[in-house]
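Taken verbatim from Swiss-Prot:
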REPEAT    105-139  repeat 'PPR 1'
REPEAT    176-212  repeat 'PPR 3'
REPEAT    213-247  repeat 'PPR 4'
REPEAT    252-281  repeat 'PPR 5'
REPEAT    352-383  repeat 'PPR 8'
REPEAT    385-415  repeat 'PPR 9'
REPEAT    438-472  repeat 'PPR 10'
REPEAT    543-577  repeat 'PPR 13'
REPEAT    613-647  repeat 'PPR 15'
REPEAT    648-682  repeat 'PPR 16'
REPEAT    683-717  repeat 'PPR 17'
REPEAT    753-787  repeat 'PPR 19'
TRANSIT   1-27  transit peptide
Amino acid sequence: MAFSRIALLCQRFSRQQQQRQLLHRPLTTKLDNTRFLHPNQSKLAQNLIVIFTRQPFSPDDPELLILSPELNTKVVETVLNGFKRWGLAYLFFNWASKQEGYRNDMYAYNAMASILSRARQNASLKALVVDVLNSRCFMSPGAFGFFIRCLGNAGLVDEASSVFDRVREMGLCVPNAYTYNCLLEAISKSNSSSVELVEARLKEMRDCGFHFDKFTLTPVLQVYCNTGKSERALSVFNEILSRGWLDEHISTILVVSFCKWGQVDKAFELIEMLEERDIRLNYKTYCVLIHGFVKESRIDKAFQLFEKMRRMGMNADIALYDVLIGGLCKHKDLEMALSLYLEIKRSGIPPDRGILGKLLCSFSEESELSRITEVIIGDIDKKSVMLLYKSLFEGFIRNDLVHEAYSFIQNLMGNYESDGVSEIVKLLKDHNKAILPDSDSLSIVINCLVKANKVDMAVTLLHDIVQNGLIPGPMMYNNIIEGMCKEGRSEESLKLLGEMKDAGVEPSQFTLNCIYGCLAERCDFVGALDLLKKMRFYGFEPWIKHTTFLVKKLCENGRAVDACKYLDDVAGEGFLGHMVASTAAIDGLIKNEGVDRGLELFRDICANGHCPDVIAYHVLIKALCKACRTMEADILFNEMVSKGLKPTVATYNSMIDGWCKEGEIDRGLSCIVRMYEDEKNPDVITYTSLIHGLCASGRPSEAIFRWNEMKGKDCYPNRITFMALIQGLCKCGWSGEALVYFREMEEKEMEPDSAVYLSLVSSFLSSENINAGFGIFREMVHKGRFPVSVDRNYMLAVNVTSKFVEDLRTSCYLTCLIKDGRIPILAVVSRI
C-alpha cells in the first residue's frame, strides 16, 4: 500500500503510550499584540507611526534622530502592527534594525513576517529569513513555528524547510511536535509540495520520538492532494478515518481535491459517504464545489448539488446564483438561465448587476437579447436602467471593451454612424426605457477612456454630452485634464479649462494643480505663473510640492537664477512663500552658483520678513562647512539658536566635521558640550568626525577616549568609524593599537577596504616591523583587497610592494603570491 510506511509509524507510536492531549491548532497569523506598553512607550509608538505615515518622508527627519534611542522590541512590534500598508511597516522595520543600540527579537521578526506574508511580498520575506539567521536570536518552539507558518502562507516552502534546518543546527531553537506540524503545514501550502520532503520530515519526527496526530496527517493529506497523488491521499484519508479523526476540514480537503482533479463523480460519491456518517459540509464548501463543477463544465452535477443544498435547508445567496447563471450563460443555455433568473425574483432576492451583466453580455444574437429584455423589461425603472448601464459598463471595462462602452453611449444619444445601432438600445427605446446614463456612469467611461490612453475619445464624448443638454460634472473634466497633463498636453488642458468655465462648471483646486504640475514638469515657469493668476482668481493655493518641484527642476537644469525669479513672481501674485521651495532654491544656487549666492538669497528671504526654518539653516551651514568656511557657518549657527530654533544632530555634525577638518579640534569639542546642553545625544557620525579630527591633530589618546565614551553610551561604531580610528592611529604611529581595533573590526564582520590595510602596512614599515607589515599585506592579498590600477591607493600598494621585494625576508613569499596570480605583475617586480 502506498501509505503503508506512514501507517506503520502511526501504529508504532500508538502502542508506545497513550496519546497525549492533542496540541492546539497552530496559531493564527494574527499576532497577539497585547504585550504591555508603558504610556511613554505607547506615545513613542504613535509618534513613530505619524512620522513614517507623513508625506514626504525622510529617514533624516530630525524627530527620528531624537526618538531612535528609545526604541525597544515592544515598541517596534506595536508600530509594525499599527501601519495599514506593508510598505510603511517594512520601511520602518529596516530603519529600526539599523539604529544603534537596538536589536530585534523573535516577536519583532514575527510581526514583520506576518505583515509581509499577508501582503505576499516574498522577496522581502526571503531577506527577512537571512536577517533572522544572521541575528542569531534565540526563539521558542512556538515562536519559531509561527515564523515557519508565515513562510508557508506565502508559499516559500524551500525557505521554510531551509530555515528550519539552519535554526536547529545553530542551536537557536529545539523544535517540538508543534514546530514540526507547522513545518508540515507550511509545506502543504504550496501546490508544488514535495512528497519526499514531507515523508523525510515524518521520519525526523519519528526519530525525535514525537507522536503523529490529526494535525500531523492533515497537511500530509493536503500535500498528496496538491501533488495529485490520489491513491496516497485516499490511504491517508482512510488512516484518519480509522482513528476517528475525520472532521469537516479534512473531508473538505479531499472532496475539493477531487473536484480540482476533474473527478467530479468521485467527489459526489465522497459527499454521499460523508452524509452517511453525519458529516455535513458547510455552505462555503458547497459553493466551492458548485463553482468547481461549473468550471469543469459539469453543470448537471452542479445542479444536483444545488438541489441537495436546498433539501438540507441551505438557501442560495446571490453569489451562488451568479455562478450557476454564469455557467448556463457560458454553455448558451438561455432558457435555463432565464428560468433561474425568474426563480431569483420569486425568492425575493433582487438580481444584482453581475447577473444582469452576464445575461446581457453572454448572448450576442438579436433574438437572444430580445428574449432577455422581454423577461426583465417589465421590472426595470429608471434606477434599474441606470443599474443596467453601470453593469454593462463594468462588464465592458472588465473585459477591456472600453470602445464598446463608448459606442453604446453614442447610440443612446442617437449617433449611429460608426458601429451601427445597439440591439439593447433599440429594445429599450421600443419600451420607452431608453434614457441617458447618469453622471456617475458617464464619468466611469470617461475615466476608463483616459486610463486606456484614449484621451481624444474622452474629449469627443464630453463634447457630445454637452450637446445633448447634459452638464458634465467636475469629475469628468478633472479626469480628462489629468490624462492630458500626464501626456504633457498642457496647452490642450488649458483650453479644456476654458470650456469648463464656459459650461458653468467651477474648476477645483485639483483641476488647476494638475495643470500646474504639468507645467512644472515641463519647466514652463512662464505658463505656471499665468496659471497662478487663475488660482488667485478662484481663491486656490498652489500645491507646494509642484512649486518645489519646478524650482528643483530649474536648478537641476542649471537655471537656479530663473528659479529664484519665479519665487519672486509667485510672491508678487500674492501667494505666501514657503520655506520648502525657498530652501530648494537656496540649495540649487549653492550647487550652481556657489555658496555666496545661496547665502545672498537666504539674507534676502530674511529681509522680506520670512523666517527660515531649521532645514534652510542646515543647508547653508552644511555647505559652508564643506567649503572650509566653518567660521561663517558658526555665525549662522548662533543666529539660528538666537531665533529659538533647535539645531538638529545633523547640523551639529556638520559643524563638528567642519571644525575638525580645519584643524580646530577644540572648537569641535565645544560643539559636543553645546549638544549636551541642547539635550541632543551625539551619534556615530559625531564621534567619527571627532575621532578623525583628534587623530589628525596628533591626539590619538583622546581619540581612543572618545571611542570608549561612544561605546559606553550604547552608540556603536560602524565601518566608517573603525576605518577612521585605525587609519588615524596609523598616521600617529600607533600601529599596535591600530591592529587591535583592526581585529575587532573583523570580528564584527565589517570588511576593511584597501586603504585600511595599506595604512597598517605603511605604519608597521615606518616602525621597521616588516614581519607584521607583511602579515597584514598577505591578508589583504588573500582577501582580494589589492587595489586595481585605477584605485587611488594603487600607487601606495606599489610602493609597499617594492619595499617587500627589496627585503630578502619577504621577497620569496612575494614571488609566490605573484605566481599564484593574487597580485598583478607590477613594473617594479617584473624582474623576478
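Backbone N, Cα and C define each Cβ position, glycine as well.
Long-range Cβ contacts of the repeat 'PPR 5' (252-281) within its own chain (Cβ-Cβ under 8 Å, at least 6 residues beyond either end) map to 218, 221-222, 225-226, 228, 230, 233-234, 237, 246, 288-289, 292-293, 296, 298, 301, 304-305, 308, 312. Nonlocal intrachain contacts for the repeat 'PPR 16' (648-682), taken as residues 6+ away from its ends with a CB within less than 8 angstroms of a stretch CB, comprise 60, 62, 65-66, 69, 614, 617-618, 621-622, 624-626, 628, 630, 633-634, 637, 640, 689-690, 692-694, 696-697, 699, 710, 713, 715. Secondary structure by DSSP for the repeat 'PPR 4' (213-247): 26 helix, 0 strand, 9 coil. Distant neighbours of the repeat 'PPR 1' (105-139): 29-31, 33, 35, 73-74, 76-77, 80-81, 83, 86, 89-90, 93, 97, 146-147, 150-151, 153-156, 159, 162-163, 166-167, 170, 172-173; these residues of the same chain sit at least 6 beyond its ends, with a Cβ under 8 Å from one of its Cβ atoms. Taken through DSSP, the repeat 'PPR 16' (648-682) splits into 26 helix, 0 strand, 9 coil. On the 0 to 100 pLDDT scale, the repeat 'PPR 1' (105-139) averages 94 in the predicted structure.
The DSSP breakdown of the repeat 'PPR 3' (176-212) into helical (H, G, I), extended (E, B) and coil residues amounts to 26 helix, 0 strand, 11 coil.
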